[in-house]
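Undergrad: I have a structure here, written as structure tokens, and I will follow up with some questions on it.
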Amino acid sequence: MGPNGKALKHKLSHDTEREFGGTLGALCIPVFLPLTVLFLICTSRSPEASVLQWPPQLPSTVQLWDPLAPVVLLGWIGLHALLYLMPFGKVSEGLLLRDGTRLKYPINGFSSLCISAVMLMLLLGLGAPLGYLFELLLPLAASAIAASFLFSIYLYIRSFWAPSHALALGGNTGNPLYDFFIGRELNPRIGNFDLKYFCELRPGLIGWVVVNLGMLMEEVELRGSPSLAMILVNCFQLLYVADALWNEEAVLTTMDIVHDGFGFMLVFGDLAWVPFTYSLQTAFLVKHPQTLSLFKAAVIIALNGVGYYIFRKSNSQKNQFRRDLTHPSVAGLETIATATGKRLLVSGWWGLVRHPNYLGDLLMALAWSLPCGFSHLLPYFYVVYFTVLLIHREARDERQCRAKYGLAWDTYCRRVPYRIFPYIY
Ligand code: NDP
């Protein structure tokens, strides 16, 4: 190894700041979060649905096993792997990597969603009992958790064959526990099949809305028709997932793809946490039906609409600006120069707060919980968790932007003092 190689190895292994509580976080999170998933599902179907009860309710091992669950899970992942490989949609290039190359990614996630929807409608037409997903939820979640551990072990082991330029800067500390958790390899691939990109938006995200549909069908079986609350949550979350897949290319510039290695944190988040905790509201509604007046429904729809508008417009404005800053939709906006040659927006949505997209996302999160009424805390779990996640994510992004842009970032922070909530935070 030459002097440059040595310097890089030193940089990779020592200069990295540990995130998520370092080794302690890497030890506790993989135990605590899977238990949280199981606890939340159990609680959502219990009569009290109380998140504050002590000791917390956890499922027995019998409740966690159904031979159908791993079959459904692997079948679902396999189906999406096939759809990923289908030669439809365009192929986009990712950002420039450290070795000067760019990876290619198929942009066909939205087609995968549509094909999955058609297949589900056919299955429903043939009388498939989709409502059985309610019974299968705990075993399915347990299988997804087990699959996340096995898959992360595979990723950790294979990363030792990856060249050093293919490792994530933050995932090679030499501490096996932390590196396993945070992810060593940046873009692990089998041939052209990108494992991280595949998991980010497909099996888990589309799985989330399928779980929601299953809960709706269970409600139909129990009570004859879906409630307004159930329909609203299904529609709001379907819009969110469809939007993410419609704008799939934007994921190529996110922190997850550009910065984070692919380890337990992302694998578990994508395959277990998203489908089984983001669907909690619909799971809750199956056993705790709510009546919703048309007026309340209209207010909630308006809130979701405002949140979606802010979320979509701000994300699109930044994406457009990063792709082509001379485009008419962004050319008139005020910007500041940075030493890297890139500019930062200081007007438009990004002049309102430093993360307008997070603000919109949080308003939508609230709109997804409100149809579940005010009698229980559980349906608000997502808003609370998501607020904590986005505040933490904002702090991580802020650290990275300060390191990237230095003084220009400080100027931006002075010009736009609030992070997420105008005049509050
Ligand atoms: P963002 O889209 O917020 O991007 C942050 C990056 O934008 C910065 O690193 C910087 O990158 C660039 N940037 C910041 N400020 C400016 C500015 N003033 N002008 C131009 N560029 C700027 O990143 P995320 O990946 O966190 O979020 C993407 C979306 O995903 C959000 O809407 C978020 O709410 C959502 N999300 C949803 C989650 C969920 O579980 N539902 C989880 C996480 C995110 P650079 O300068 O290098 O371009």
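For all residues, glycine too, the Cβ spot is worked out from N, Cα and C.
Worth saying up front: this structure is predicted, and the values here are computed from it rather than measured.
For reference, TrEMBL lists these features for the protein:
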- 20-41: transmembrane segment (TRANSMEM)
- 68-86: transmembrane segment (TRANSMEM)
- 107-130: transmembrane segment (TRANSMEM)
- 136-157: transmembrane segment (TRANSMEM)
- 225-242: transmembrane segment (TRANSMEM)
- 262-280: transmembrane segment (TRANSMEM)
- 292-311: transmembrane segment (TRANSMEM)
- 365-391: transmembrane segment (TRANSMEM)
Undergrad: Are there residues at least six beyond either end of the transmembrane segment (365-391) with Cβ under 8 Å to its Cβ atoms? List them, or say none.
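TA: For the transmembrane segment (365-391), the list is 40, 43-44, 49-52, 228-230, 232-233, 236-237, 277-278, 280-281, 284-285, 288, 290, 292, 296-297, 300-301, 303-304, 307, 355, 358, 420, 425.
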Undergrad: Among 20-41, 225-242, 262-280, 292-311, which stretch has the most Cβ pairs under 8 Å to the transmembrane segment (107-130)?
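TA: Checked against 20-41, 225-242, 262-280, 292-311; highest Cβ contact count belongs to 225-242.
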Undergrad: Looking at 20-41, 68-86, 136-157, 225-242, 292-311, which one has the highest count of Cβ pairs under 8 angstroms to the transmembrane segment (262-280)?
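TA: The listed stretch sharing the most Cβ pairs with the transmembrane segment (262-280) is 136-157.
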Undergrad: Where else in the chain does the transmembrane segment (136-157) make close Cβ contacts, counting only residues six or more beyond its ends and a cut-off under 8 Å?
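TA: Same-chain contacts beyond the ends: 30, 34, 37-38, 41-42, 59, 63-66, 68-70, 72-74, 77, 176, 179-180, 183-185, 188, 195, 211, 262-264, 267-268, 271-272, 275-276, 283.
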Undergrad: Do any residues of this chain, six or more beyond the ends of the transmembrane segment (68-86), have a C-beta under 8 angstroms from a C-beta of it, and if so which?
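TA: Sequence-distant neighbours of the transmembrane segment (68-86): 106, 108, 111-112, 115-116, 136, 139-140, 142-144, 147, 193, 198, 202-203, 206-207, 210, 271.
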Undergrad: With a Cβ cut-off under 8 Å, give me the same-chain residues at least six positions beyond the ends of the transmembrane segment (20-41) that come close to it.
TA: 51, 56-59, 64, 137-138, 141-142, 145, 148-149, 175, 177-178, 180-182, 264-265, 268, 272-273, 276-277, 280, 283, 378, 381
Undergrad: Under an 8 Å Cβ to Cβ limit, what residues of the same chain, 6 or more beyond the ends of the transmembrane segment (292-311), are close to it?
TA: 227-229, 232, 236, 239-240, 243, 349, 356-357, 359-368, 370-371, 373
Undergrad: Determine which residues of the chain contact the transmembrane segment (225-242) at the Cβ level, with the cut-off under 8 Å and only residues 6 or more beyond its ends counted.
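TA: Distant contacts of the transmembrane segment (225-242): 110, 113, 205-206, 208-209, 212-213, 215-216, 219, 278-279, 281-282, 285, 289-292, 297, 300-301, 304, 308, 364, 367-368, 371-373.
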